[in-house]
Amino acid sequence: MERTFVMVKPDGVQRGFVGDIIKRFEQKGLKIVGLKMLQISQELASKHYGEHQGKPFFEGLIKYITSSPVVAMVLEGKDCISLARGMMGATDPKKAAPGTIRETFGIDIGRNVIHGSDSAASAAREISLFFDDQELMCYELSLASWVYE
Ligand code: GDP
Ligand code: MG
């Protein structure tokens, strides 16, 4: 089992998509093991998006992600890092596959509603940036044998 970090960005919260987005992951069969709302500080934003420092969109990205609360979560499941990325769709909603979260809810690349870790290394890094160990739950989903063979 893998864990991944997923976040409904400020536009997703403002536009009322929190429930719809969480519902998609629940319906897929992924387990929520951490969940919280927070407003991201400048410091956390710079750490989280450190790889994009220096790019033309960086300042706008930091302003956007710190502008209003986000809903952060940790999901657990088989291959859930790539699974959740697939459910989100491409970074640019215009290029995202039909039915994906970004294609369904977004138009501009700079307002693409959701974040998800892109690798095992980023998942580990992002989970520890946003959550303390005691905020992550360990429990069994009684439906697991109906999700996994
Ligand atoms: P992601 O992993 O799919 O979120 O994409 P990246 O890691 O490449 O970029 C991080 C975030 O920066 C994206 O989700 C967008 O919110 C934003 N971003 C990336 N590229 C651009 C761009 O060309 N223009 C703008 N305005 N924002 C961008
Ligand atoms: Mg990324």
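We count from 1, first residue shown onward.
Quick reminder: no glycine exception, Cβ is built from N, Cα and C everywhere.
Bear in mind that TrEMBL entries carry predicted annotations, made automatically and left uncurated.
What TrEMBL records for 1-138 is domain 'Nucleoside diphosphate kinase-like'. What TrEMBL lists as ATP binding site is Lys9, Phe57, Arg85, Thr91, Arg102, Asn112. The active site, pros-phosphohistidine intermediate annotation in TrEMBL covers His115.
Sequence features annotated in TrEMBL and their locations in the structure.
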residue: Lys9; record: ATP binding site; Cβ neighbours (10 Å): 23
residue: Phe57; record: ATP binding site; Cβ neighbours (10 Å): 12
residue: Arg85; record: ATP binding site; Cβ neighbours (10 Å): 18
residue: Thr91; record: ATP binding site; Cβ neighbours (10 Å): 14
residue: Arg102; record: ATP binding site; Cβ neighbours (10 Å): 24
residue: Asn112; record: ATP binding site; Cβ neighbours (10 Å): 25
residue: His115; record: active site, pros-phosphohistidine intermediate; Cβ neighbours (10 Å): 20
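In this structure the alpha carbons, written CA, of Thr91 (ATP binding site) and the residue listed as 'active site, pros-phosphohistidine intermediate' are 9 Å apart. The average pLDDT computed over the domain 'Nucleoside diphosphate kinase-like' (1-138) stands at 98. For the domain 'Nucleoside diphosphate kinase-like' (1-138), residue counts in helix, strand and coil come to 65 helix, 26 strand, 47 coil, using DSSP. Proximity of the binding-site residues Lys9, Arg85, Arg102 to ligand 1, judged by a Cβ distance under 6 angstroms to any of its atoms, singles out none of them.
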